[in-house]
Amino acid sequence: MAQLDTLDLVVLAVLLVGSVAYFTKGTYWAVAKDPYASTGPAMNGAAKAGKTRNIIEKMEETGKNCVIFYGSQTGTAEDYASRLAKEGSQRFGLKTMVADLEEYDYENLDQFPEDKVAFFVLATYGEGEPTDNAVEFYQFFTGDDVAFESASADEKPLSKLKYVAFGLGNNTYEHYNAMVRQVDAAFQKLGPQRIGSAGEGDDGAGTMEEDFLAWKEPMWAALSESMDLEEREAVYEPVFCVTENESLSPEDETVYLGEPTQSHLQGTPKGPYSAHNPFIAPIAESRELFTVKDRNCLHMEISIAGSNLSYQTGDHIAVWPTNAGAEVDRFLQVFGLEGKRDSVINIKGIDVTAKVPIPTPTTYDAAVRYYMEVCAPVSRQFVATLAAFAPDEESKAEIVRLGSHKDYFHEKVTNQCFNMAQALQSITSKPFSAVPFSLLIEGITKLQPRYYSISSSSLVQKDKISITAVVESVRLPGASHMVKGVTTNYLLALKQKQNGDPSPDPHGLTYSITGPRNKYDGIHVPVHVRHSNFKLPSDPSRPIIMVGPGTGVAPFRGFIQERAALAAKGEKVGPTVLFFGCRKSDEDFLYKDEWKTYQDQLGDNLKIITAFSREGPQKVYVQHRLREHSELVSDLLKQKATFYVCGDAANMAREVNLVLGQIIAAQRGLPAEKGEEMVKHMRRRGRYQEDVWS
């Protein structure tokens, strides 16, 4: 074979790169998705092996004229998409299907038929980012080089597309509903026809559900006019067929009793572990951090040794919870299933495009305990659908009233913090035995993992992940009962068991802590890791300022742990300042003794500034301490410090953002608006980072 000269090699390299670009659509060098995320084989999903990624082809094959795409991180957007599909079918006769954005391609949307419509239900994740399953969709439409399959040179390639858009966001974040706003703006440049307004739901204001209900009615009216639809009386048409299988018992090895995947059911779980396939991790250590008896805060060490799971300092760990026994019993009792809890059921999608959210076959008990979000807040729209199945006329009238009057619903249900079963118990003691289980599967979202900021450094302990979590058990204003966190009380039960309690019952709750078929025995918990952009500067000599009251200190424990380890190796570590707040120094000062160890290792480079809100006549919070140390903060910012905030988004994070702008303006003799602009500039440059929740 003749030897290739340099030019030949260059030409071959160019051809190779071009071929890869063509066949992979550039995915090798696209902006990275979550490196820990996996699309995974979704149950009954549209994009299983052998299934098309061409949405137009899929709609033609299945006779659909309406597709509802969703971009969802926690399941809410997916739930809204399912509700829109169901309502469109039952009220207007649309042939609907629900579609996961990551399961389809978009290059052929320029050929989308004019007699069909596409919905886009898009949640915004974090700081204005797309959800994991919407990354490629977002990059495609917001990139500078959008290209479609059609050879037409038309400047408006999507002129045939009719679309509907609704966004899910949180106004406590700076980039409120950025996903739907940016996608809608990108669409408008391409020439499609939007039906109705681009709706926006606000979780930060607690009005997401009512925002959705208020938006969809005028949207349906506009869509009916555009597609010449006729509204009809909505009658329940099941999406799923649920049948009891008397030939199987719960002991049968093919029956799911809470296992998350088939490999877990078969006793051969294997990676890669992801949001679709958790690792059953041993809890290596657990202890209480508070010194008071009426409140709990947990420190847990989760072992990931041998799992091939990895994390980086600042990432999140997801815990897959189980519902408390009392809530499982309540739910089964309310719907007349208590005596049938161990009956085996098969669940099948009536429509070929329907995705079954629960592994099947399973039992009523397992479905409610492990797979359904039965403790979630109640949807007024879903409550209204139960009227037809009420046990008597009096109950039916009350349900109709609740479903029809949002203020009354707010008073009787929302303010009481009721879940579905509690809401129905407040109406009548009679069971709602006539409610089809298929309707409950359709109306109640799948039990979702809960995410926690990792409170350890991957440099210091790569095989163990630390969690710092306050246990929720509070009486909220207006509520007649204690509201108890689903996952934190589950973790508290595991901690109690590990520390010698044979019958743990945190706040009166019990859990199946040994898991399905005792597969979690020995104190195990299902987990996966989610990537975060909340990261230390790559140069450890750069100063950092951290603001983290309460459990908001979690990632900063990892940050400081890492900087102490780097210093011990002889690396130069820059000024490291933590503003920490809690109620009292002798009650809930998290890691109080540990900070002293890091102080010894980092010396003058570590400064911890505390704010105790209940120790003096005046409440003192971290934002007050920030203002008191304005000169220090300003000096470090001039040295290119990165500023971090972790904790409550609604109040603390918003006030810290405001105070920082005021500090910059005052210290530099600038107008207030200039200080605000400089904080925004820091955000854009990645020098102001938030890991916040509401």
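The count begins at 1 with the first shown residue.
Cβ coordinates are placed from backbone N, Cα and C, and glycine is handled just like the others.
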Let me know which member of GLU327, GLU571, GLU587, GLU655 Swiss-Prot also records as binding NADP(+) at the site of ARG295, THR551, SER613, ARG614, LYS619, VAL620, TYR621, VAL622, GLN623.
GLU655
Pick from TRP220, TRP693: which one does Swiss-Prot list with ARG450, TYR451, TYR452, SER453, THR468, ALA469, VAL470, GLY485, VAL486, THR487, THR488 for the same FAD site?
TRP693
Judged by other C-beta atoms within 10 Å of its C-beta, the most isolated of the binding-site residues ARG295, ARG450 is ARG295
Could you say which of the binding-site residues TYR173, TYR176 has its Cβ with the most other Cβ atoms inside 10 Å?
TYR173
Binding-site residues GLY75, TYR173, ARG295, LYS619 vs THR468 (FAD binding site), shortest C-alpha separation belongs to ARG295
How big is the FAD site in terms of the longest C-alpha to C-alpha distance among ARG450, TYR451, TYR452, SER453, THR468, ALA469, VAL470, GLY485, VAL486, THR487, THR488, TRP693, in angstrom?
17
Max pairwise CA distance, angstrom, over record-listed NADP(+) binders ARG295, THR551, SER613, ARG614, LYS619, VAL620, TYR621, VAL622, GLN623, GLU655
26
Can you name the residues of this chain that are 6 or more positions from LYS619 (NADP(+) binding site) yet have a C-beta less than 8 Å from its C-beta?
SER613
Give me the CA-CA distance between THR488 (FAD binding site) and ARG295 (NADP(+) binding site), in Å, as a whole number.
12
Just going by other Cβ atoms within 10 Å, which of the binding-site residues ALA123, VAL470, VAL486 has the emptiest spot?
VAL470
